[in-house]
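Listed in Swiss-Prot for this protein:
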type	residues	note
REGION	1-25	region 'Disordered'
COMPBIAS	14-25	compositional bias 'Low complexity'
TRANSMEM	41-57	transmembrane segment
DOMAIN	79-247	domain 'TNase-like'
ACT_SITE	ARG130	active site
BINDING	ASP135	Ca(2+) binding site
ACT_SITE	GLU138	active site
ACT_SITE	ARG178	active site
Amino acid sequence: MRWPPWASNTQASNNDHPTTTNNNDPKNLLDWSAFTELRTLIPTLVLTTGILSAFTLHRNYLRRFPTAVNITPAYYRRRSILGKVTSVGDGDNFRIYHTPGGRLAGWGWVPWKKVPTTRKELRDQTIHVRIAGVDAPEQAHFGRPAQPFGKEAHEWLTGYLINRRVRIYVHRQDQYQRVVATVFVRRALDFPVPFRRRDVGYEMLRKGLATVYEAKVGAEFGGEVMEKKYRSAEWWAKARGLGLWKGFKKNRDAWESPREFKTRTGMEDVGDGKK
């Protein structure tokens with residue numbers, strides 16, 4: 001039926017067939033307005049924030065570094081790493097198993113967070129640490145003779161650190177895939193203050209078990225303040241003839257520092273490479 005008179009055939013045809021809706025259109029299948037309601041928005045925001053916070057927490061504080069090369073530069077001179085000492089290679093280097101978060105994160109008491117004990121389990125899973133700012137006498141390596149007090153320095157460091165938790169402040173990585181770091185440890189039987197935090201490098205210098213690191217390149221102390229502190233500790237031991245300085249007082253001409261000994265024997269400062 002054509003009404004009004006001026007209406008076209010096309011218009012009349014369109015009016016005779018009502019408009020249909022495409023039920024296959026996703027826009028018609030979902031009620032998008034539901035996503036803007038507070039009862040939906042708030043739980044979604046809380047869940048998203050929680051997931052992002054957990055990811056950030058794990059990435060910044062709970063991520064475990066298997067070896068020194070895995071440590072990101074963001075840690076250098078800014079962050080510390082907590083770990084358990086698994087072996088002592090020489091008088092100034094050792095290896096730790098990184099335990100991020102420590103006991104609060106379950107290390108030592110949660111069944112699946114235990115430090116391995118066998119060499120096979122520890123292989124490629126420990127961080128090789130070179131104590132910053134100190135140079136200990138060398139042990140016998142690769143057929144070369146040991147330096148006086150090399151054995152004593154190694155035995156002292158082993159007894160002081162092995163199987164203990166230490167905190168290392170990483171300064172950089174060296175050419176031997178080790179991290180050069182200032183090392184701190186707490187010991188229950190530390191007289192006169194139990195659990196006092198001790199600077200391991202400083203303690204070695206005070207006891208005459210090491211000298212200040214004297215290489216022309218690569219020396220790292222963690223700042224001028226630490227360097228002055230270490231040189232003062234060395235002076236203390238030297239003035240009293242402690243440890244390796246006994247030989248210095250007896251015969252200065254024949255005495256060799258760890259650096260001079262390495263130069264004379266051609267011994268590289270690489271430790272023993274134990275895992």
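Cβ coordinates are placed from backbone N, Cα and C, and glycine is handled just like the others.
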Return the average pLDDT for the domain 'TNase-like' (79-247) as a whole number.
94
ARG178 (active site) as reference: those recorded positions from ARG130, ASP135, GLU138 with C-alpha within 10 Å of it
ARG130
Between the active-site residues ARG130, ARG178, where is the Cβ count within 10 Å the lowest?
ARG178
Rounded to a whole number of Å, the separation of the Cα atoms of GLU138 (active site) and ARG130 (active site) comes to 14
What count of other C-beta atoms do you get within 10 angstroms of the C-beta of the residue listed as 'Ca(2+) binding site', across all chains shown?
23
